[in-house]
Amino acid sequence: MDSGGGGGGGALRPSALDLVAALLTGRGRPEEEGWPPSLAENRHLIVLLTTSLAVLVGCGVALLVRRSSISAPAVRAQEPQPRAPAPAKRKQEAEPDPDDGRQRVAVFFGTQTGTAEGFAKALAEEAKSRYDKAVFKVLDLDEYAADDEEYEQKLKKEIIALFFVATYGDGEPTDNAARFYKWFGEGNERGEWLSNLRFGVFGLGNRQYEHFNKVGKVVDQLLAEQGGKRIVPLGLGDDDQCIEDDFNAWKELLWPELDKLLRVEDDKSAAPTPYTAAIPEYRVVLVKPEEAMHINKSFSLSNGHAVYDIQHPCRANVAVRRELHTPASYRSCIHLEFDISGTGLTYETGDHVGVYAENCTETVEEVENLLGYSPDTLFSIHADQEDGTPLFGGSLPPPFPSPCTVGTALARYADLLSFPKKSALIALASHASDPKDAERLRHLASPAGKKEYSQWIVSSQRSLLEVMTEFPSAKPPLGVFFAAIAPRLQPRYYSISSSPRMTPTRIHVTCALVYGQTPTGRIHKGVCSTWMKNSIPLEESQECSWAPIFVRQSNFKLPTDPTVPIIMIGPGTGLAPFRGFLQERLALKETGVELGHAVLFFGCRNRKMDFIYEDELNNFVETGALSELIVAFSREGPSKEYVQHKMAEKAPEIWSIISQGGYIYVCGDAKGMARDVHRTLHTIVQEQGSLDNSNTESYVKSLQMEGRYLRDVW
């Protein structure tokens, strides 16, 4: 991995403007900035001369401006705007609505990985071709309003609104929809204040998770309860299958309803013009090596922002990496520590860390060969034309930082191992030189090929790389590849397994290696876990590995009162946040703070293989940070034993802690373990509390509403 830092080469000779700028701003000592000795010695004389020159030039300019204003009073001078980043503005402020009498349709999105945003923009683009008397505005839910009052003021003015909202984690809204979701959910007292609104909602989720499309369902229900009129049934996109098909089916229900609202009488009888989505393409400019000799090769997203987030991560070195499984295990689990000293990045116990990893070298090399580009090919990538006009009506997401090499772009920014969407197949087909390849790709993306797409790509877990290998004549240009074929490589999230009370300058991660065979026989290697497994820590080399990271706040927190009893349930790497909890409790205990009872249910396969952090856990018990450690081993005895079985054995104790106002925390796999634990908890409450099924449901729900039953699941 690139160790960062600027490009090599000799010292650059400062220009006259550089010298003047440095003098006037007082930037550094001249001898430290690479000034020639003769200039450095006469710095004060140069300051005097350049300042005098600046004053004379300024007077001359002022005189000219005054004369021009007198001779042409009706013409208002416009200063040329520098091509520099403008002050941060919300998009809706920077781009006022056109006052042309057209009907406005607001298209909102709440997205975590970009899919909801992509659907919103795709729908708006198609709608523009169908309704020339309407204007479709694509709006980020977070940027729509600065505060709750503005949300209400602006939303009540909307006449037609479409919502694309994804469900993230344990039934939670995405980061950019969280503020809106919280505000909107507290709107019972507002009554039916949206009586003028016509709305439609398309949710994005995964049916394998317990709270499938919860956010979409809640938003749809709240819009109706608060007076809105539903124009199309709630769309439930399922990412476990083909969410594009779900989106297209929902659109077909939407168009007839929009026809009624947006077509004038003369147009209603006319059939809409058939729409063929254009294949998006960034503008790419190849850069000659000699023109790029001064390119900064460090990670360009780490750009000095005071607040680190998903768009502006912090570069962090890998300080420590060690294997947590014993040599007897054929699997792997990594303990990794990111060094955040001196970065300004902070975290709290229970937070998540987002990590931008890189595709492994062998994957990148295969795609380079398939595309027909050298890894050292330099290029810049743009979402606008040369005159600054946005491409595709501004619907393209901002491209990644450039100029960069093809090798760097494929390693850092392209998702090469997820299965390709149907729109990607169409883009590949348009650049396939073999007609058979093109025909087959288009068939897979067509309604007639729906079943085949589901079996050959989704069920078989065929990656984009594998599909490109099957159709070698498809060689799209870089602009098409990054805009329409390869999605942006997303950060991977991990529950932080440390406490800032113990390690304020380190963020600990506990990561299981993702490694297994797919139905096609390919060995799938997880992008981030493989990177962590192969990373070089600072304790081994100064040329250590690093990654752009950021902290995502979580509500998975210890009780504010440390005397409140807690139950923690986390098998495998689900132990991660509880290691942080226990570090926090130990630090508090060492300062004399009284602690409540704490029980940990941990699970692994075999004590001699994958009992991670065993010594640490025993130490937590010995020091009193942990009251009771209960471990389930699933591969030691004659029958498999999991954490939910241990919970059932401890049912009276669990009920006692709950009855005392205790908190329950669950971390780990949402599809299996978390469901089983939830059922077991339901049984314990029902049997120990002597409640019927209905009252049990209400009781468990009240624990969740009170924040006493928290889950960090994936």
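Using the three backbone atoms N, Cα and C, a Cβ is placed for every residue, glycine included.
Feature annotation from Swiss-Prot assigns topological domain 'Lumenal' to 1-44; the stated evidence is sequence analysis. Summarising model confidence by region, the topological domain 'Lumenal' (1-44) averages a pLDDT of 40.
Look at Swiss-Prot and you will find 45-65 tagged as transmembrane segment, backed by sequence analysis.
Feature annotation from Swiss-Prot assigns region 'Disordered' to 74-103.
Residues or ranges marked as compositional bias 'Basic and acidic residues' in Swiss-Prot: 90-103.
Per Swiss-Prot, domain 'Flavodoxin-like' is recorded for 105-255.
Sequence-distant neighbours of ALA166 (FMN binding site): residues of the same chain at least 6 apart with a C-beta under 8 Å from its C-beta are GLY110, THR111, GLN112, THR113, THR115, ALA116, THR174, ALA177, GLY203, LEU204, GLY205, VAL215, GLY216. The annotation FMN binding site is assigned in Swiss-Prot to 111-116, 166-169, 204-213, ASP239.
Under the heading domain 'FAD-binding FR-type', Swiss-Prot lists 311-559.
Per Swiss-Prot, the feature NADP(+) binding site maps to ARG331, THR573, SER634, ARG635, LYS640, GLU641, TYR642, VAL643, GLN644, ASP676. Here ARG331 (NADP(+) binding site) comes close to HIS325, ALA512, LEU513, TYR515, MET609, ASP610: these same-chain residues lie at least six apart in sequence, with C-beta atoms under 8 angstroms from its C-beta.
Marked as FAD binding site by Swiss-Prot: ARG492, TYR493, TYR494, SER495, THR510, CYS511, ALA512, GLY526, VAL527, CYS528, SER529, TRP714. DSSP classifies THR510 (FAD binding site) as strand under the three-state reduction. The Cβ of THR510 (FAD binding site) has 24 neighbouring Cβ atoms from other residues within 10 Å, across all protein chains displayed.
Secondary structure at TYR642 (NADP(+) binding site), taken from DSSP and collapsed to helix, strand or coil, is coil. For VAL527 (FAD binding site) paired with GLY114 (FMN binding site), the C-alpha to C-alpha distance reads 19 Å. If you compare every pair of Cα atoms in ARG492, TYR493, TYR494, SER495, THR510, CYS511, ALA512, GLY526, VAL527, CYS528, SER529, TRP714, the residues listed for FAD, the longest distance is 17 angstrom. Neighbour counts were taken at the CB atom with a 10 A radius for the binding-site residues ALA512, VAL527; the maximum falls on VAL527. Neighbour counts were taken at the CB atom with a 10 A radius for the binding-site residues ARG492, LYS640; the maximum falls on ARG492. Under the DSSP three-state reduction, SER634 (NADP(+) binding site) is assigned to coil, being neither helix nor strand. For TYR209 (FMN binding site), the same-chain residues 6+ apart in sequence whose C-beta sits under 8 angstroms from its C-beta are THR167, GLY171, ALA670, LYS671.
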